[in-house]
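Below is one structure; the comments refer to it alone.
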Amino acid sequence: MDLWQLLLTLALAGSSDAFSGSEPTAAILSRASWSLQSVNPGLKTNSSKEPKFTKCRSPERETFSCHWTDAVHHGSKSLGPIQLFYTRRNIQGQTQEWKECPDYVSAGENSCYFNSSFTSVWIPYCIKLTSNGDTVDGKCFSVDEIVQPDPPIALNWTLLNVSLTGIHADILVRWEAPPNADIQKGWMVLEYELQYKEVNETKWKMMDPILSTSVPVYSLKVDKEYEVLVRSKRRNSRNYGEFSEVLYVTLPQMNQFTCEEDFYFPWLLIIIFGIFGLTVMLFVFLFSKQQRIKMLILPPVPVPKIKGINPDLLKEGKLEEVNAILAIHDSYKPEFHSDDSWVEFIELDIDEPDEKNEGSDTDRLLSSDHQKSHSNLGVKDGDSGRTSCYEPDILETDFNANNIHEGTSEVAQPQRLKGEADLLCLDQKNQNKSPYHDACPATQQPSVIQAEKNKPQPLPTDGAESTHQAAHIQLSNPSSLANIDFYAQVSDITPAGSVVLSPGQKNKAGMSQCDMHLEMVSLCQEDFIMDNAYFCEADAKKCIPVAPHIKVESHIEPSFNQEDIYITTESLTTTAGRPGTTEHIPGSEMPVPDYTSIHIVQSPQGLILNATALPLPGKEFLSSCGYVSTDQLNKIMP
């Protein structure tokens, strides 16, 4: 092996004389070394022990220096002195000749220093290390790429503040830029990085790069010692320079608390207990105010209350007791005359029959028991301007009472009929000079007595209709035409509430009319019974023919109730075919209106009467049905 190495060295040494300069020799040596290793892998050189470049740096971008390591000697042979050669490329890309290092001393041992005369910032450099003419190491670079500023100088710190607990403190660290860096002219722009740690720790805490020469450091523990370092780099570069000298920061203890461990305020524990306490208080409040809150959210439904009635009766379902209480309670009784502020009542003494013709007829008329006609209800009083005090409710009550006792008073019916006849002729008893007073034959009186003995059934209409028929007979008399203005006097009021009117002067007809009317009514009542709704055919035929046999100067016009009264057309046709009584009346004149309906009460002494519709003779039947109304009946009757 040593022989092969010796032969190779001699060959190389001999060939080196044929080249001028050292560059080809170094290249040949390098290629020869690789060739020997490829031929014999076991043959190795000591290239791994040769010197290497460690770094090249420019502190201020105006000068730069390069450093390398020492060579390691193995065996008896040494490499010889180490030399550095450099070259620069021009703009055209041509490489200049190699030149040796200008200064091996200024930058220190194993270094080469290039001052500003040998430094070009924008021109690339290539350097190499040689030993005994052989190239050991080489590299190429530009000055901009190797800029590494010097460490900052003059580091110090200032205490900013201490926390309220005295555990932490804040400081401000200051320094100065490297003196050889042209910062003021802007030839270089530096960025600084600060790192700190506690003395006994190994991990450094780095802060973000800054452009200023001061930076605050927060939350340093009191009574601890810290190490602070600062380094710089050119902006937009990756290569930091060397760290500055270590700055030691010692914060004195400000209070009695020891700073061995951090004191953390138990915020989480306080929040948990606070929420729990608020929840307990809320539940206590809701429990204590449960009823009040329930009433606010769900107000109770008011229970229906009736004055004077125990609500328990309604709950238990005792409706009989509730109805009994409502019936006897004053506040639930029906109130009459609710719309009238005051009501006048005129008392009528009907217990003294001897005094019936005495006193004011108008006072009797204004009593509360005489009104039944519907034309008088609801008419306003001329004096007070209010509605009449004669209400239909009270009158209907009286009429119902009369209808109820009608069946039980059959014994007193003849006396009542006789009393009505007396009332009709009340104003004619004192007419002694009347030519008709003696005209009433004595043979007619037994008929009246016979009618009283037969106990006739109740008439289909009430006492008012009977009185109406009597009054109509009197008005139909031609002799009473001169006295029609005096039919505003009330002779009497029947127990059933009917009003009996009489002329103001003596009637010339005398008692004959009264007797004949009473006899006619007795005959009609003696033959048939009439109800409140209908007339039968047979009864109508019996009652209607009576009129032609009465030989007086007036005719009796049948008057029927206007409500629900019907008779057959066959009976009316038969009756209408017979000769009427008007044919036998000598000197008949125009019929006189029947003033038996009170229109309005002007004063206690004055009445205004309504005239009923006059019968129109010669009317024919217009209806072809089996029944006709009472209006049509009154028009066609003779």
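Each residue, glycine too, has its Cβ placed from N, Cα and C.
Within the set Cys101, Cys140, Swiss-Prot assigns Cys140 as the partner of Cys126, by disulphide bond. Of the listed segments 162-170, 297-305, 603-611, Swiss-Prot assigns motif 'Box 1 motif' to 297-305. Noted from Swiss-Prot: of Asn161, Asn432, the annotation N-linked glycosylation site belongs to Asn161. With Asn115 (N-linked glycosylation site) as the anchor, the candidate glycosylation sites are Asn156, Asn161, Asn200, and the one with the nearest CA is Asn156.
Comparing Asn200 (N-linked glycosylation site) with Asn156 (N-linked glycosylation site), their Cα atoms are 21 Å apart once rounded. Non-local contacts of Asn156 (N-linked glycosylation site) by the CB criterion (under 8 A, 6+ apart in sequence, same chain) comprise Val173, Arg174, Trp175, Leu247. The least crowded of the glycosylation sites Asn115, Asn161, Asn200, judged by other CB atoms within 10 A of its own CB, is Asn200. Broken down with DSSP, the domain 'Fibronectin type-III' (151-254) shows 0 helix, 54 strand, 50 coil.
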